[in-house]
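Asker: Just dropping this structure here.
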Amino acid sequence: MKEEAPQDFYYREPRLEMTVGGRFFVRLTSFFLYGVLLVLLVVFLLSDINWMQAVGGLLVLFFLDRLVHINRPEWLLGRAGNDQLNIAKYCTPETYIVLERAIDRAILRGGDWRLYLLGGLLKRPEVVRVFDRLDVPVPDLRRKIVEALGEDDLRLKKKDVLRDVGELMKAAFTLARHHYGYAVEPHDVLGALAVTKDEKISRLFTLFEIDPADVETAFIFAREAHRSTNKMLTHAVGRRHRVMNRAWTARPTPLLDKYSTDFTDLSRLGYGVLLVGHEQEYQRLENVMSRPGSARALLVGDPGSGKNSIVQHLALMISKDRVPKPLFDKRLVSLSVGSLTAGADAGEVEARIESVLEEIRRAGNIILYIPDIHTLLRTSGQGHLSGADVLVQIITSGDIPVIGATYPQESKQYIEPNREFAAAFELIRVDEISGADAVRYLTFQSVVLEKQFGLVISFGAIKKSVELAKRHFHEALLPSSAESLLAETLARAQRAKQRLVGPADVVKTAEGKTNVVIHGADKEEAAALLNLEAEIHNRYIDQEQAVSAVADALRQYRSGLALPGGPIATFLFVGPTGVGKTELAKIVASVQFGSVAAMVRFDMTEYQDKQSITRLIGSSDGAVTGSLTESIRQRPYSLILLDEFEKAHPDILNIFLQVFDDGRLTDNAGRTVDFSNAIIIATSNAHSQFIVEQLQAGADAETVAEVLKQKLTGSFRPELLNRFSDIVVFRQLSQEDIFRIAELQLAELSHVVAQSRALEISFTRDAVEAIARIGFDPVFGARPLRRAIAQYLKNPLAEMILSGKVDRGGRLTVRYDGAEFIFE
């Protein structure tokens, strides 16, 4: 949860206002006095006089206190209120030192004090480690700073420098509070310096491709590594379960403790959840739970959206007293309904629930959290769990502060129909966090993952994990999908005995999971893409315009030039039946997604009535899943073939407007499905006769496509046609085309026979010509060809194999004698 710094705050450090000589004198005097006190301590402790020994003991305590507070600020940030305050009192001595040196050098030597400050920060090990994480060569950065200072003849008055320092320290103070730091440390100063609008600093960061936001996030490594040490100490020491509030008005809850988890206890033990993102949702939850008499909130979000994290963060803030007064000393307890009802009959369950509720009432300081609260309504009213009815009644009565959590589908199915129950809660929707927040979250988690796997994770690997998860893995929300991808990458790197995990390692893992090429095309792949038409024509005859359109789209996608937000490509293939529309779709699926099995075919003649839309995108109650939405949800890397698209009901055609435009579709259960990794090909036979006539008359395909687009408005809305990447016209196949297709299909048959029977089979030219004539139909194109091959070649060959007339490993030649096919 982000904290805003108070409006009336300032930075004033009297030592910086002194001259260099003045500070030297003060420092020398301080050292002299400490030296005198140290001598007196030794003399007094060795003395036999009691009062001198007592004074010596006091001096020992004084030096111990100074030793304990060395490198500590005068005040801790946790105690900073929103009243007027001096930021200098919250800065560590190291922060003061780097500022002092930068200011002195700028005044004495000339040049921008910010450059001196950046150079001084780069001498600190934690800062160097952060730039290493960002893959920034620190020696080169230092050299550029020196060069920039050599070219800089700027000389500022000290009062102007101190004014600018004050503004910088305000930003550093805000960052430190935002990250719940104990003080303003040097890395907070660097974070503030990174977002400064100073031209010289910005130029340096641009030169080394440093994103200012990444600097702030990368410091999480240093900050959390320190915090994790403190957590280990806290866990080792341990703390007692605390039920009593500071007013001593609460009561113990032994039965509740048995069936629940106290989140506030976990927070005091150092297991609290620091929230990343969801600031608005948390603030709403805090406000609702602070309301007297109606403190009931319902969090609704998909699995992994962060509902539990928001609740656990509230517990953390309660344990730190960073909440409104009505929430002070509260215990946030997560009730396990499953444990409460396990191993008991209906009467025992009801007795347990009533006893637990009575404990909560008597305690007076309990906030009850019920995950999957819809389970109460699913079982309420059934004889075997009548206790659920008691719990529902108590919740709706408002006697106990309650936080519930559920999923969108379950909310719609169980909670919304129960109007009294739904009205008792303030609904808070919890959506997926942003990519930037996911990067911050994963940086926090990387501190733990590094210790778990014994590897170093570069910041680039974290950003790449989030980028690829957001683009390619939609079965889980961010940050869960990115964390899963990074963890799998770490496991692979550990097996390979790597030390450092970088972005390329994440890309390799993602490619293994998706079976899709993600990395940039190397020379060999680039050459293959440039010759993609030839590769397709090795398996596909003619239709040059269609092949070129498909190849162009795939090249744009692989080179990173495809427009974001929509599917990889959307095509409308128009032409007579049997001209290769479906066959080209299969080849595209094989080329882009590695297998023909990646093609999902929908016969749109089955979706001619309005009601059939439910079969595509599911029913509102979730009882019927959508065939289209589920196929993409389960396999986002697919080619969707919409066969005979023009025959679908107009309302069904309308749902594809959004899909073609931004690559997203919301099903009837309210879940959004992402089509950005899919290719969509719609086929149509509309105006086939017009196409045949125009092409036979000598019109070129592009001209026919433009005229056809106007004619297609009779079958499709203009806005739908405009959303296709390309409308591709397929011409009718000639007898020569059928001959070449026959050669391909017979070569495929020869390969299958060789693999299964080790039989070498060849076809003479007259046999190929004969099967091409038999399998050609001007109306149905090449479709009858496979049936002809099956009838005249496969059937006789199968009989020969089964009757033993053909030996395994033998040779066979097929020829045509003018009347029949001869196998010899």
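Placement of Cβ uses the backbone N, Cα and C atoms for every residue, glycine included.
What TrEMBL lists as domain 'AAA+ ATPase' is 293-440, 567-734. The domain 'Clp ATPase C-terminal' feature in TrEMBL is assigned to 733-823. The annotation transmembrane segment is assigned in TrEMBL to 24-45.
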Asker: Could you tell me what the rest of the chain brings near the transmembrane segment (24-45), counting residues at least six beyond its ends with Cβ under 8 Å?
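Answerer: Distant contacts of the transmembrane segment (24-45): 15, 18, 52-53, 55-57, 59-60, 62-63.
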Asker: As a quick check of your reading of DSSP, tell me how many residues in the domain 'AAA+ ATPase' (293-440) are helical, how many are strand and how many are coil.
Answerer: 78 helix, 24 strand, 46 coil
Asker: For the domain 'Clp ATPase C-terminal' (733-823), what are the DSSP-based totals of helix, strand and coil residues?
Answerer: 53 helix, 15 strand, 23 coil
Asker: Give, as a single whole number between 0 and 100, the mean pLDDT over the domain 'AAA+ ATPase' (567-734).
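Answerer: Summing pLDDT over the domain 'AAA+ ATPase' (567-734) and dividing by its length gives 85.
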